[in-house]
Amino acid sequence: MEVVEPQSLKKLSFKSLKRALDLFSPIHQQLAPPDPESKKIRLSYKVNAEYGGIKNTTQPPRQTNSATQDQSQQPGSSNMLALPGPGDSKDLPKGGAHSALVVGPAMPSTTTNDLGFQGKSTVVVSTSGSSERNLSTSALMERMPSKWPRPVWHAPWKNYRVISGHLGWVRSVAVDPSNTWFCTGSADRTIKIWDLASGVLKLTLTGHIEQVRGLAISNKHTYMFSAGDDKQVKCWDLEQNKVIRSYHGHLSGVYCLAIHPTIDILLTGGRDSVCRVWDIRSKMQIHALSGHDNTVCSVFTRPTDPQVVTGSHDGTIKMWDLRYGKTMLTLTNHKKSVRAMAPHPKEQAFASASADNIKKFTLPKGEFCHNMLSQQKTIINAMAVNEEGVMVTGGDNGSMWFWDWKSGHNFQQAQTIVQPGSLDSEAGIYALTYDVTGTRLISCEADKTIKMWKEDENATPETHPLNFRPPKDIRRF
């Protein structure tokens, strides 16, 4: 037997519309003649769509098949090519190909095959009241008003303070639960503690021998946790300002860190593709959550199931059962590395960012909601959400985009300015966090600075109007 070239059938079938017509049309090289009846169908459908087309869907289906046959006999100028059923070739008119489109409530049919074609050469298109519109009728019907939620108006954010003091890239940030100070970790191997109100340096902690990539502050103890590229996870006592515990076990650099909100456990993820669960007090490793194929670079925890959610460079998001240390669910919606995730402080949902898109998922099931309506088109390293529903994402090129959480609308695009003496290529954002109130935003950047942002008090919906166009179709993946 002759070997068929791979994809040759696919190439032949999808070469062009003309090729499809040559393959399936009983009358070759001749298009269907224009038909005045098709115009009437289109107009009547338009009127239906505008004035109570939705009401008509509740009417009982038509009983007679004769009307269907009569309409199927009429030649139409629709794009759809109806295939003649068995024994129908003698009914074909000489003028051209036989194509008919019956638009209306779905009619009962005795012989309908899987493709939706009936025995009498009729294509039946159902117009149910659901939001999913049939593509074959979208050319005929007028667009219905979008059901997409309208975004809430948010004031634009502006930079009001630049703090310099680190001697390397600033890689991580955490805010104290009392909202009086925050700490930053840097590639200069130090952790600095700053006053939140004035931006004044209060303390510098040394102890790591590589860049500090993760920071977290406990809301129950006077402890701060740090993790870095030196494979070390440290617990700092903030009353003595020194390391009191170290957690040993990671085989490579530690990229992310999170504290469980209710139990005394700590979670760290790193380049060894494992998220490790530690008992804070005994320094013991409780679980090694293994299953990712690449670096675990983002993690967050919740008080209820799934208690641990991790994102990885392998493009997957995993939800873990903390009792057994097993995977509950793996989300494979992203195509690129999931470098940042942010749970909503009030809703049961979280967002994840990748170079391909920013996606929103529900919790605890992990159901995909929608993509954000624009693409930042850069590697996104950090994201944060506040209670007002303002989500911010920071990219490798220094772009900070602000989003409305409910609708996914991008209402502001800011570009960070590097501090004098830095290269333009050092405009990268590595960490973002809101303070406890959600009114101040802290960004950590590659130009060795920490920038603080707040909403513009003078902005109103009149000075900064909402330019929102509801999407025509939502890309699922």
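The count begins at 1 with the first shown residue.
Placement of Cβ uses the backbone N, Cα and C atoms for every residue, glycine included.
All TrEMBL annotations are machine predictions without curation.
It should be emphasised that the depicted structure is a prediction, and the values quoted were computed from it without experimental measurement.
Sequence annotations record features per position, and here TrEMBL assigns region 'Disordered' to 52-117, 456-477. For 55-80, the entry in TrEMBL reads compositional bias 'Polar residues'. Marked as repeat 'WD' by TrEMBL: 163-204, 205-246, 247-288, 289-330.
Within its own chain, the repeat 'WD' (163-204) is flanked in space by residues 210-217, 219, 224, 226, 228, 236, 241, 419, 428, 430-437, 440, 442, 444-446, 448-452, which lie at least six positions past its ends and keep a Cβ under 8 Å from the stretch. The residues of the repeat 'WD' (289-330), classed with DSSP into helix (H, G, I), strand (E, B) and coil, number 0 helix, 23 strand, 19 coil. For the repeat 'WD' (289-330), the model's average pLDDT works out to 95.
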